[in-house]
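Asks: Below is one structure. I have some questions about it.
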Amino acid sequence: MEPINIVKSVITPLDRKNVDTDQIISKEFLKRIERTGFGKYLFYHWRYDENGNENPDFVLNKPEYKGSQILVAQDNFGCGSSREHAPWAILDYGFRVIIAPSFADIFHNNCFKNGILPVKLKEEEVDEILAKGLQKPYTVEVNLTEQTVTGEDGAVYHFNIDPYYKEMLLNGWDEIALTFKYEDKIKAYEEKRIVFK
Amino acid sequence: MAKNIIEKIWESHVVHREEGKPDLLYIDLHLIHEVTSPQAFEGLRLAGRKVRRPDLCFATMDHNVPTKDIYTVNDPIAKKQMSTLEKNCAEFGIQLAGIGHPDQGIVHVIGPELGLTQPGKTIVCGDSHTSTHGAFGALAFGIGTSEVEHVLSTQTLWQNKPKTMEIRVNGKLGFGVTAKDIILAIIAKWGVGLGTGYIIEYTGEAIRNLSMEERMTICNMSIEAGAKAGLISPDEKTVEFLRGRRFAPKEEFDKAAEYWLSLASDPGCTYDKVLEIDASEIEPYVTWGTNPSMGTGISGRVPTVDDYESETDKQALRKALEYMGLEEGQPITSIEIQHVFIGSCTNSRLSDLRTAAQIVKGRKVAPGVRAIVVPGSYSVKKAAEEEGLDKIFIEAGFEWRNSGCSACLGMNEDIIPSGERCASTSNRNFEGRQGAGARTHLVSPAMAAAAAIEGRFVDVRNYLKQEQQA
């Protein structure tokens, strides 16, 4: 997993709440057996019309946001299905950071396993960032070490993050390798585990 | 100190606890299906890792499987995904109930059926509706594919302890109102984010009165309320359901039962949050929008923008109604449907099929409506056929299919065409869930059956009353 610390880019303002993983990656694209190649299907039914042409009104298709690495959305981002194809599509498309007031649990966990930083800010702060980004392209710098989001206009927003996941993202660690260090404890647990015949 | 069941199960599964880290939890049962596992097995191979406890894993095929002719998989990518699961299970020594196997079915239907699901277990699966197994007093939750890989190789997961919530469903359910209506009412009342960061325990008289199958319907949709998991304390019904099941304890069953019952929340225990709802006020529900909280009772109407305060909510309503092709203020009973889907891990068990069959018996599906029944497992299908339910459905004009996830998410060929409307007993009415442009209305099996006959939503209670008088 690619380590992450500082990401600076124009934001992509997706002013919607309850964005579910069916929208992020639709079921017809879940049949691949690889982790890569999902980026072109990200938000497919919002991005393209029935004939496969780009929908010019959808935010990802607007030229001013091309190359953006930071997605900003409303409450409960990533709700619904557990499909990790959703963060794979987000990462493959080029986003490294998602800013929202809240995230659905499974999606939130999935982000950490893939080197995506989910940043939780207060609702009014997200509203402010979205408003700026919708008016004209707005660039921010996200700094994981400092736990800050700094706007091009000097606005600074602080965020909290679980220290365990922070370390993991900063170092790009493989969680399974870390867990193997506790193998003795797993073995000991297995010996005393309650099992009925 | 009095403890709730969530705390009891969590504490008994901590392998390692350390300040500044999540808890390392042991996982007792890992259910696997074809869609969210291939990348996890590939990860193991690339790192040269093994499956730590293949004996604690059980795999099936459900998401992609065809329901007409099970052996004809026309989609080559789906076919590859299924053959990949076969290869992976053979290579790593995991039991698989594949296509044509008598144990095959939707992963959340077969777990309880086989007695793999038991009180007090930690159960995970790369599928968000794993919360279903909570009906047995198990701590069951959906995980992503990286976590699937982590469980395969270590049989553990790092998890921050969520907060606990009690949802007390007081009183008795009204005539013709079902478990599906309870959970849709809960989500409509408090929203799809109500459970974020929590595990929910459902309690109260109305929950105690539910059968195990009905309890599964409630716990199944905990994820639709945003919760990590949802569960119900075990009682005698739980014990009796499991007695004699293939993977349930045999010679130590009584000892196991005693332990299971001891896991129930202690009198006087506390939760981080408590919500209450009165069962007697719940009507049969129908969703009108594009998330499960956008629903109302059958006597209700689609809301208007004036019903909402914030601009974001007004905008969300406009977008939902535009997608759904509905008008503000439209009565629910005026909504006409073209499709009916009875199935999914929410409502595809024998009791669901019995309820629906009771309503369609001797009647005909309305002209222009295509209705399908997809039993949750091979064994549900067989049991239903032994009772003659298949004949009742077929005579009424329903299609009788083989088991799988089917039109709940439309990964196989069971797709609702764009712009058409489906009364569905499944769990998600998201945009495009049942097919690009498809319009989903979530309802109970009874309401879906009545809608099939009338071609629009009707109050199933009137139907059932006629039935009683006849």
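Note that Cβ sites are derived from N, Cα and C of the backbone, with glycine treated the same way.
Sharing the features that TrEMBL gives for it:
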- B:Cys345, B:Cys405, B:Cys408: [4Fe-4S] cluster binding site (BINDING)
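Show me how these features fit into the shown structure, please.
Replies: Taking a C-beta cut-off of under 8 angstroms and a sequence separation of 6 or more, B:Cys408 ([4Fe-4S] cluster binding site) has the following same-chain neighbours: B:Phe341, B:Gly343, B:Ser344, B:Cys345, B:Thr346, B:Ser424, B:Ser426, B:Asn427, B:Arg428, B:Arg433, B:Gln434.
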Asks: Given the binding-site residues B:Cys345, B:Cys405, and counting only Cβ atoms in the protein chains shown, which has the most within 10 Å of its Cβ?
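Replies: Result of the Cβ crowding comparison: B:Cys405.
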Asks: State the three-class DSSP label for B:Cys405 ([4Fe-4S] cluster binding site), counting H, G and I as helix, E and B as strand, and everything else as coil.
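Replies: Reduced to three states, the DSSP call for B:Cys405 ([4Fe-4S] cluster binding site) is coil.
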Asks: An 8 Å radius from the center of the B:Cys345, B:Cys405, B:Cys408 Cβ atoms defines the neighbourhood of the [4Fe-4S] cluster site; name the other residues of that chain inside it, in order.
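Replies: So the extra residues in range turn out to be B:Asp62, B:His63, B:Ile106, B:His108, B:His129, B:Gly343, B:Ser344, B:Thr346, B:Ser348, B:Gly404, B:Ser406, B:Leu409, B:Ser426, B:Asn427.
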